[in-house]
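Q: One structure, pasted below without further comment.
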Amino acid sequence: IMQMALLARLSLASSEGRESSLEERHAGSDEQTSEQSTKEAFQASHFDSDSQVRLGRSSVNDNLPNTRQLDEECDINDGMIRVPGDRTNYSSDASGEVADRGLSISSAPQRENVILPRLGHVCMEGPFVQRQTSDKGFPRIISSLSMDARDDFSAIENQVRELINDLGSDSIEGQRSATSEIRLLAKHNMENRIAIANCGAINLLVGLLHSPDAKIQENAVTALLNLSLSDINKIAIVNADAIDPLIHVLETGNPEAKENSAATLFSLSIIEENRVRIGRSGAVKPLVDLLGNGSPRGKKDAVTALFNLSILHENKGRIVQADALKHLVELMDPAAGMVDKAVAVLANLATIPEGRTAIGQARGIPALVEVVELGSAKAKENATAALLQLCTNSSRFCNIVLQEDAVPPLVALSQSGTPRAREKAQVLLSYFRSQRHGNSGRR
């Protein structure tokens, strides 16, 4: 009875808190250098969770790599983009179990400054947390909590251990019930996520991604999505060889399972080394398929995952080869509601020759010029960065851009855009002038 009362208090505290806001690790300030701001893209990644867990702003922005290239990576605007899970509190243009605004995308893990209404404040990177290696093969978190909080934590662990027995059973109903309960527990707060991981649930959940039962598969992938909000769990999930099973769900699951698989891949790819593993594991093609054929939420999940993967140079070619450009150009239609997200990915891909060729073939240049004229502040930045790449690397593309009457909106942007947008617009206009004078001289 005491345990049930405790769990009820925990659940109530979580629902009352609505505290979820995975703070964007790349807070993409316009005042930062263009190279660094590109790493901070997709600024308000909207993790749509029933119980929203508010994570403090990441402190790792200073560690973001500087590419020293022309917009090696791009920014997304301040609009919401989500990594989803459960859709019960679906809002804005984002969806998912964890409605966290501003998912960070730095190359280093973000700090989890967790607000726990019942269990108190726990800073996972602070001096009161010890990490030990458990017999499950991933770090175990031991917090120096108060006695009451420690008892609460133990109660959750005891409940999870009971559920784990059902996860490993041969009963379909038992597995459905256990995955559903773990999925719910993982939504509530960071302490629950730590307890679930400590008890060894991650390996079992990864195994259930291959379940022939659609509901078990959906619950398992959504539970992993929620667990992945912890950076420690991100590592544990990847170490449990979850990437290939997640791709399996992406290819075979029901619509919600596919959406949440894409969202989980996005969440995992916040850690830079995971982008390499995910890209090399064959995730790009099914993500592009979801981008083209998924539900609206599925497309948003796919484009966020592809953006994160496109930060890594070796993944850009994979994304282009998977024929993503035609879908990205289609999503630049304002009616799709994903202009900012699509143009951010497209601008990243414009930094490689095959990406520029594919943009031209997909008739992406008129769409980019339209975004420079009519898009949001962040979209204008990224569209101008893409046009700069296209024009400075191809006289043919440069002529097409001029034929699309790009100069007036670029002039306006050079005077009134964000600092980065003004810079890119001025460089591009200067390039146009130098080309015109050069051609006059040759005559």
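Each residue, glycine too, has its Cβ placed from N, Cα and C.
In case it's useful when we look at the structure, here is the feature table from TrEMBL:
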type: REGION; residues: 13-67; note: region 'Disordered'
type: COMPBIAS; residues: 16-29; note: compositional bias 'Basic and acidic residues'
type: COMPBIAS; residues: 30-40; note: compositional bias 'Polar residues'
type: COMPBIAS; residues: 58-67; note: compositional bias 'Polar residues'
type: DOMAIN; residues: 159-435; note: domain 'U-box'
type: REPEAT; residues: 200-242; note: repeat 'ARM'
type: REPEAT; residues: 282-324; note: repeat 'ARM'
type: REPEAT; residues: 323-364; note: repeat 'ARM'
Q: Treating G and I as helix alongside H, and B as strand alongside E, what does DSSP give for the repeat 'ARM' (323-364) in helix, strand and coil?
A: 31 helix, 0 strand, 11 coil
Q: Using DSSP, break the repeat 'ARM' (200-242) down into helix, strand and coil residues and give each count.
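A: DSSP classes over the repeat 'ARM' (200-242) add up to 33 helix, 0 strand, 10 coil.
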Q: Average the per-residue pLDDT over the repeat 'ARM' (282-324) and send me the rounded value.
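A: Its mean pLDDT is 97.
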